[in-house]
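Engineer: Marked as topological domain 'Cytoplasmic' by Swiss-Prot: 1-32, 85-109, 159-172, 268-591. Among the features that Swiss-Prot reports, transmembrane segment is placed at 33-53, 64-84, 110-130, 138-158, 173-193, 247-267. The topological domain 'Extracellular' annotation in Swiss-Prot covers 54-63, 131-137, 194-220, 241-246. The annotation intramembrane segment is assigned in Swiss-Prot to 221-240. Annotation comment: Swiss-Prot describes 521-591 as domain 'KHA', evidence class sequence analysis.
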C-alpha cells in the first residue's frame with residue numbers, strides 16, 4: 001500500500017536504519033494492517049457519533065457498548081504511538097530513539113485530541129448528572145477527529161499505482177458527500193429535538209408529535225431535507241421555521257456551494273485527464289490534414305503523415321521517450337540494454353563485438369514505430385542514422401533512370417537499414433520502406449563513430465562484418481548499380497585498408513580503421529621571420545598528404561623544415577586549431 005517514496009532510506013554515507021527493542025516500524029505490514037482495521041472503526045465513529053447526538057433515543061445500549069469497545073481499540077493505538085518510529089522531516093532519517101518518539105508525541109496537539117476523542121466524556125457526564133441532552137452532547141463529536149486517518153489513507157492510495165486513480169478520487173468525493181449529508185441531517189434533528197416549541201421546527205410544522213415517531217422515520221426525513229438542500233432543488237415541503245434553523249441552513253448552503261464547486265472541479269479535471277490524449281491526437285490529425293491541403297501534397301503522402309501521427313499516439317512513443325529521458329543515465333542504459341541487447345548482438349554488423357561496445361550503443365538508442373508503407377529512409381538523403389529492425393519488415397528500393405522504383409531486398413527482424421550510407425559517409429543509396437507495422441531502434445551516425453573509435457578491436461570486427469555483408473549484397477543484387485560502383489571502384493581503397501589493418505591498441509590505428517574519404521593534399525611553407533608581406537605570397541613549399549591530427553601535422557613540418565613548430569597559420573594569417581577545417585589544396589604557414 002505504501003508508495004515507493006515512503007520506503008526507509010538512510011542518509012548518504014550511513015547504513016540502513018535499524019529498529020531498537022520495542023520500536024515499531026511504521027511501514028511494516030502488521031502495523032499497516034492495524035491501521036486498516038482502525039479505518040473500519042473510524043467509519044463507524046463517523047456515522048454513530050452524529051447519529052447518537054441527533055436523538056436521545058438513538059443512543060441504544062448496543063450502540064453505547066459498541067462505542068466503548070471502539071474507544072478501547074483507539075486507546076490501544078494511543079499506547080502504540082509511543083513506540084512507533086517517525087521520520088525527521090529536516091533530515092529524512094527514521095528516528096528510533098524511544099525518548100525522542102515519546103517527547104514528540106506528547107508535544108504534538110494530536111496527542112490531546114487523541115485522548116479527548118477516546119475518553120467517553122458523554123457517558124461520564126450522563127453518569128454524573130443523569131442527563132444526556134444539552135450542549136454537553138456535542139462532546140460526542142470529538143470522535144470525528146479520527147477522520148484524519150481516512151484522509152491520510154486516500155492520500156496514500158492515490159499515489160499507489162495498483163489502484164485506479166479515477167475510481168479512487170470518485171470514491172473519495174462520494175464519501176465526502178455522504179458524510180456531509182449525514183452530518184447535516186443529524187444536526188437538523190438535534191436542533192428539532194432540543195427546541196422548546198416543537199411545532200416551530202422544520203419537522204414539527206409538518207409532522208405533529210414527531211418525537212413519538214420511530215428513530216428511522218425521523219432520520220429519513222432529515223436526510224431527505226439535507227439532500228434537497230445540498231442539491232439546491234428545495235421542493236418547499238420542508239423549510240426552516242426558527243432563527244436557529246435559518247442560521248444553520250445559511251451556513252449549510254454556503255458549505256454546499258464550496259462542496260459543489262470542489263466536486264465539479266475534481267470531476268472535470270479527471271475527465272479532461274482521461275481524454276487529454278484523445279484531444280491531442282484529434283488536434284494533431286486535424287493540423288496534419290490542413291497542412292497537407294494547404295501545401296497540395298499528394299494523397300499518398302497525406303496518408304503516410306496521418307498514419308504516422310496516429311501510430312505515434314497509439315504506441316505512446318512520445319510518452320516512452322519522455323519517461324526514459326527523465327531516468328538517470330545508468331538506469332536508462334540498463335533498461336535499453338535489457339530491451340535491445342539481444343537484437344544488437346544478433347545484428348550482422350555487431351556480431352562478435354565486446355559487451356562494452358554494446359552498452360555504449362544502447363545508451364543513446366531510440367525506439368520508433370513505422371506504419372505500413374511508410375518511408376523510413378529516402379534515397380540520396382543525408383546519412384545521419386542507421387536502423388536495426390526489431391519487429392516487422394522493410395524493403396530496400398532503388399530508383400532507376402526512368403524514375404521507377406526497383407526492389408533490392410527485404411530486411412526482416414535483426415536486420416539493418418541505412419548502415420551503408422553511414423559507414424561510407426555518403427548519401428543514402430536506397431529508399432527503405434516498411435511493409436507492415438515495424439519497430440526499429442535508431443543509432444545516430446555520430447554516436448556510432450564515437451562508440452567505435454576508442455575500441456580498436458571492436459572497430460576491426462565491425463568493419464570486417466560490414467565488408468562481408470557488402471560481398472554478399474553484391475552477389476544477391478548483381479543488377480543494382482550502387483553496389484558494383486561503390487564496392488569495387490570509389491571505396492576499394494577503404495575496404496582494403498579495413499581488412500589489412502592490424503589490431504593495434506594505439507589511438508592512431510583506431511582512427512585508420514574507420515572508413516575515410518580520399519586524403520587531402522596541402523602545401524606547407526616555412527614562414528619567413530620579419531616578413532609580413534610574405535604571408536600573402538609565400539615561398540614555394542612542399543606538397544604533402546594531410547595527416548589525421550594537428551600533432552602529426554606539426555611533427556611532419558618539423559621533419560620537413562628541421563626546426564620546432566609552435567603553430568599553424570593560413571595564408572591570411574588565421575591560426576588553425578582543428579584539423580577538420582583544413583581543405584584540400586590549402587597553403588599553410590608554420591611559425
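Yeah, the Cβs are placed from backbone N, Cα and C, and that goes for glycine too.
Neighbours and distances for these, please.
Structural biologist: Long-range Cβ contacts of the topological domain 'Extracellular' (54-63) within its own chain (Cβ-Cβ under 8 Å, at least 6 residues beyond either end) map to 48, 132-133, 185-187, 189-190, 193, 215, 218-219, 222.
Tertiary proximity for the transmembrane segment (64-84) is limited to same-chain residues at least six positions away from its ends with a CB under 8 Å from its CB atoms, namely 22-24, 26, 31, 34, 37-38, 41, 44-45, 48, 52, 98, 101-102, 105, 111, 114-115, 117-120, 123, 146.
For the transmembrane segment (110-130), same-chain residues at least 6 beyond its ends with a Cβ under 8 Å from one of its own Cβ atoms are 64, 67-68, 71, 74-75, 77-78, 81, 136-137, 139-140, 142-146.
For the topological domain 'Extracellular' (131-137), the model gives a mean pLDDT of 64.
Sequence-distant contacts of the transmembrane segment (138-158), counting only residues of its own chain at least 6 positions beyond either end whose CB sits under 8 Å from a CB of the stretch, comprise 1-3, 6, 35, 38-39, 41-43, 45-46, 49-50, 52-53, 74, 113-114, 116-117, 121-122, 125, 165, 168-169, 172, 175, 179.
Under 8 Å from some Cβ of the transmembrane segment (173-193) lie the Cβ atoms of residues 46-47, 50-51, 53-56, 137, 147, 150, 201-204, 210-211, 218-219, 222-223, 225-227, 229-230, 244-245, 248, 252, 255-256, 259, 263, 266-267, all in the same chain and six or more residues away from its ends.
Sequence-distant contacts of the topological domain 'Extracellular' (194-220) (same chain, at least 6 residues past either end, Cβ-Cβ under 8 Å): 51, 54-55, 57-58, 133-134, 185, 188, 237-242, 244-245.
Below 8 angstroms of C-beta separation, residues 188, 191-192, 195, 200-202, 204-205 of the same chain, each at least six residues beyond the ends of the topological domain 'Extracellular' (241-246), sit close to that stretch.
Beyond the transmembrane segment (247-267), the same-chain residues lying 6 or more positions past its ends with a Cβ under 8 Å from any Cβ of the stretch are 169-170, 173, 176-177, 180, 184, 187-188, 191, 229-230, 232, 240.
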